[in-house]
Amino acid sequence: MDPHSSAARRTAVLAGHLLRGSAPADGLSSALIEPAACLHYSPPELSEQPPSFDTASLRRVLDGHDTEGRDWLFRLMEESSLFCPRRRGNRTFVAPDYNQTMEQQRAVTMRRIEYLLANGVFEGWLTGSGPEALMRKFAFFECIGIFDHSLAIKLGVHFFLWGGAVQIFGTKHHHDKWLKAAENYQVQGCFVMTELGHGSNVRGLETIATYDANAGEFVINTPCESAQKYWIGGAANDATHAVIFSQLLINGTNQGVHVFIAQIRDAEGNVCPNVRVADCGHKIGLNGVDNGRIWFDNFRVPRENLLNSVADVLPDGRYVSPIKDPDQRFAALLAPLSSGRVNIAALAVCISKVGLSIAVRYALTRRAFSISASVPEVLLLDYPSHQRRLLPLIAKTCAMSSTTNFLKRLFTKRTRESNKSIHIYCSAFKATLSWHTMRVLQECREACGGQGLKTENRVGILKGEYDVQSTFEGDNNVLMQQVSKALLAEYIAAHKRKSPFKGLGLEHMNDPCPIIPSNLNSCTLRSSKFQLDLFCLRERDLFGRYANEVSQYQAQGETKEKAVLLSYQLAGDLARAFAERSILQIFIDDEMAQPAGPLKDILGLLRSMYALICTEEDASFLRYGYLSLDNAAVARKEVMKLCYELRPHALSVVSSFGIPDAFLSPIAFDWIQANSWSSLNEE
């Protein structure tokens, strides 16, 4: 064998793995095979370079608000045995015990709620006012979700959906009667919208409420099995009251979907007469939530229990509403779903931070293979391929963190005029961010190898817990179709009025079309102006393509509704372009708000990574010619360079996520000690 051949070199390296010391030049040796030295754990803080920026400052940018309040709530949960503290590897971790039965998980969820209630966590959640109170509520909800999705959803149904419906649809006498009682858990609410036969299509609900003028009551019925209420959080065991979405029949005329508040259980927990309840059973996640099914059999509700801010029924049966357009009335009824989508988007980012914090810390201490016989094995995160798996996801998560802060601020300052924009943003971001979370968790699970399968290491189990985010509060694909349909309406209206675009960040449509340089270099690719120009070019072109395709189908005799359905591919492309351009713009705004210095520099690296990885991942840039093949190749190589430059900052960035150590997992720290024989005594 030629000693200089590639085969000889590979043989020498392999021999070095088997034999202590370097193999002889001829690749042969009669030396005995000796065991390698045992691996030991070394905290990444000892080997990684110190942060080049202030991690507390980056955390304030990413958290956006209520950092101190978040830390207080994290400590409150760590201090209670209800949150399952466990010693592993000389550290204490808190996480739900998923080995419990479904019934046990539900019971402990309620005990945790009682603990948080007793410690004032929910103070002002329904009776507080002003943006600060609502932002604090959002922050606390995120912290709770980082511990347990079931606990968060149980609270979200009660406070954001049931309580939100009473706040938004109710009037003063409803507020006075129910909100304080709900905040103190004297009543427990559930949100009774979804049916077996209708989920996303709320307008098609089959439950019927008929007004009985003689009794001054509404009579609610489930007319068929497909009309049974389904997946109702809290209904199986705990909810005492419900807000019921039902078609309203007045003198034989259907006035559309309306909302009623009703008691479904008495103080002893017995289901009320004329109501039937069944359990939805075990699920792939969220088993701490008692999802149930409900049937109504001539169930009577007092007239005053119609939540009547949108419409009312007078004692004599006359139907009155300040909103004359039935479509606008229906749109107003979907307002509570916006708060739910804000929460889903924000919590999706939080869970992405958990998964990435665990996977990055593990990758900074776990080694595999060596590139030569005489050197230690290589850290996982020092492999370029491993960097490429995790670092772009970190950048995306940071950009999306800014996005959820923008969304929360927008929601807290909502007006009737801004509701449409909020709906579009909530729908786009809920879908985009929850899809991102599932991708993050899968990548982190794989990046942690077999350790990612262990429930105690969180990443794998979180996949099952958070999978539901893709379909509840609106199926993601349906939401993105709604986004593109709403954007098409804006596009058509602007052209009909011959007026400039205003709102939703679409003002760029009024400017001259951006021109992309024919030859891109690193400096240009990292320019925020170039990145935004590229994303705006994609969005405005897809607007035109989508509108033209819909028009072509209509010219062929299709209805507008059918034409929109047939154009679903361009609709999806446009919705994605809108969401990603919006996220980039928001992230740039946060970056530009910082003074020159190390923090702004790291935000610039993360922003460039976000922009270029989105460019690489969306085929639209090549399909429609926004980038040439050569420029796309240059952009792809720039992603590799950014991975190399972000690698030294990986620990500092995930440390800025603000997730306490106790809410991570054993493999994020001394995974050797956590798996040692002696640690078995800790279990």
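Each Cβ is built from the backbone N, Cα and C atoms, and glycine gets one as well.
Just so you know, TrEMBL annotations never went through curation; they're auto-generated.
Residues or ranges marked as domain 'Acyl-CoA oxidase/dehydrogenase middle' in TrEMBL: 190-298. The FAD binding site annotation in TrEMBL covers Thr194, Gly233. Here TrEMBL flags 338-488 as domain 'Acyl-CoA oxidase C-alpha1'. If you look up TrEMBL, you'll see Glu473 marked as active site, proton acceptor. Feature annotation from TrEMBL assigns domain 'Acyl-CoA oxidase C-terminal' to 532-664.
Sorting each residue of the domain 'Acyl-CoA oxidase/dehydrogenase middle' (190-298) by its DSSP state yields 6 helix, 51 strand, 52 coil. Mean pLDDT of the predicted structure over the domain 'Acyl-CoA oxidase/dehydrogenase middle' (190-298): 96. Of all Cβ atoms in the protein chains displayed, 27 besides its own lie within 10 Å of the Cβ of Gly233 (FAD binding site). Looking only at other Cβ atoms within 10 Å, the busiest spot among the recorded positions Thr194, Glu473 turns out to be Glu473. With respect to their backbone Cα atoms, Thr194 (FAD binding site) and Glu473 (active site, proton acceptor) stand 10 Å from each other. With DSSP classes pooled into helix, strand and coil, the tally for the domain 'Acyl-CoA oxidase C-terminal' (532-664) is 110 helix, 0 strand, 23 coil. Cα of Gly233 (FAD binding site) to Cα of Glu473 (active site, proton acceptor): a distance of 12 Å.
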